[in-house]
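Listed in Swiss-Prot:
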BINDING   75-88, 280-292  NAD(+) binding site
BINDING   Arg95, Arg105, Arg134, Asp222  substrate binding site
BINDING   Asp222, Asp246, Asp250  Mg(2+) binding site
SITE      Tyr141  site 'Important for catalysis'
SITE      Lys190  site 'Important for catalysis'
Amino acid sequence: MYRIAVLPGDGIGPEVIEEGLKVLKAVEEKYGLRFDIKKYPFGGEAIDKYGEPYPEETRNGCLSSDAVLLGAVGGPKWDGLEGDKRPEAGLLALRKSLGVYANLRPAVLYPSLKDASPLKNELLEKGLDILVVRELTGGIYFGPRGKEAIGYGFRAYDTEVYETQEIERIAVIAFEAALRRRKKITSVDKANVLESSRLWRKTVEEVAKRYPEVELNHMYVDNCAMQLVKNPFQFDVILTNNMFGDILSDEAAQIVGSIGILPSASLRGDRVGLYEPIHGSAPDIAGKKIANPLATILSVAMMLQYSFGEEEAAQDIRKAVERALEEGFRTADLGKGIVLSTEEMGDKVVEYIKG
């Protein structure tokens, strides 16, 4: 039995989570799996109920589960709160308590959605499938920082710091992911300038020796940003640090044309993971039944693959999503086609899973 903590969260979170759970029920029945699913308050919902975004009840539930499935957090209702009391602070606390350090963000462009991409159609005939593996807990976002007054103003600094062990563990996750894909890794750094990047490159090369079947190449981050829009098909897995990954994963997401179909996973060394769509809580459309549930449904597929090792069930979900899109079914954010509500899109995916 697989234990799943579900955090519906705020805005459209509860709506898209319901469709994700509907898909879980379908694969549970089809593949004879068993899921122990428990919902917990989180984000703004938890603030309204408990006065904090990540209450002890939720924390204990997440820490005793095999995986966490999150909807979305935040909204203007809570914007006036202090930083550590806002819904988004709960997300940082959740990641820290779970000990996740690797963020995996697939950017998949289905041929049927190529008109939604800002790239030229002739670049997109083959579709697109990139996985960005970003280190989450080190680098310039977490290094020493400060601000001090000087004679004519201020001086501020942030420090990029990485240790061998931090680089090694994220590299292992990237190489393991590459084994399930096209067996190609592009490690992105700035080794021509930064000492931390030189350590990054050296460490990744050492890890690569354990994976002779995976092709490794290196690329400077500025060139990678250019190549993503010039020739995105050259990439399979992109491995990079915290700040570079923050930027490149958003760039890759925009190539796809809609964040409504993009899932993500945050992992640590074992099978425990946090799964969530990359879109926000979209309070402006909450309750209107037009939110796109596909990113959450595809996050469920990632959970089945990475936390539970249920590769066949995960692929079944992805194929059902692809079929729905190929047959012209859309939610409002995806443009022209047979426009479905949030619930109807979930039902369509379930229909194709059941066959």
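Cβ atoms are placed via backbone N, Cα and C, with glycine included.
Ile290 (NAD(+) binding site) sits 37 Å from Asp222 (substrate binding site), taking the CA atoms of both as reference points. Ranked by how many other Cβ atoms sit within 10 Å of their Cβ, the recorded positions Arg105, Arg134, Lys190 place Lys190 at the bottom.
Across the residues annotated as binding substrate (Arg95, Arg105, Arg134, Asp222), the two Cα atoms farthest apart lie 29 Å from each other.
Residues Val221, Ala225, Met243, Phe244, Gly245, Ile247, Leu248, Ser249, Glu251 surround the recorded Mg(2+) site, their Cβ atoms falling within 8 Å of the Cβ centroid of Asp222, Asp246, Asp250, which are themselves excluded. Neighbours of Pro87 (NAD(+) binding site), defined as other CB atoms within 10 A of its CB across all chains, total 26. Taking only the Cα positions, the spacing between Arg105 (substrate binding site) and Ala282 (NAD(+) binding site) is 20 angstrom. Ala286 (NAD(+) binding site) sits 32 Å from Tyr141 (site 'Important for catalysis'), taking the C-alpha atoms as the reference points. Shown are the binding-site residues Gly75, Gly83; the one with the most C-beta atoms within 10 angstroms of its own C-beta is Gly75. The highest number of surrounding Cβ atoms within 10 Å, among the binding-site residues Asp79, Asp246, is found at Asp246.
Checking Cα-Cα distances from Lys190 (site 'Important for catalysis') against the binding-site residues (Gly75, Asp79, Gly83, Arg95, Asp222) with a 10 Å cut-off leaves Asp222, in sequence order. Among the binding-site residues Gly75, Gly83, Pro87, Arg95, Arg134, Asp222, the ones whose Cα is located within 10 Å of the Cα of Asp246 (Mg(2+) binding site) are Arg134.
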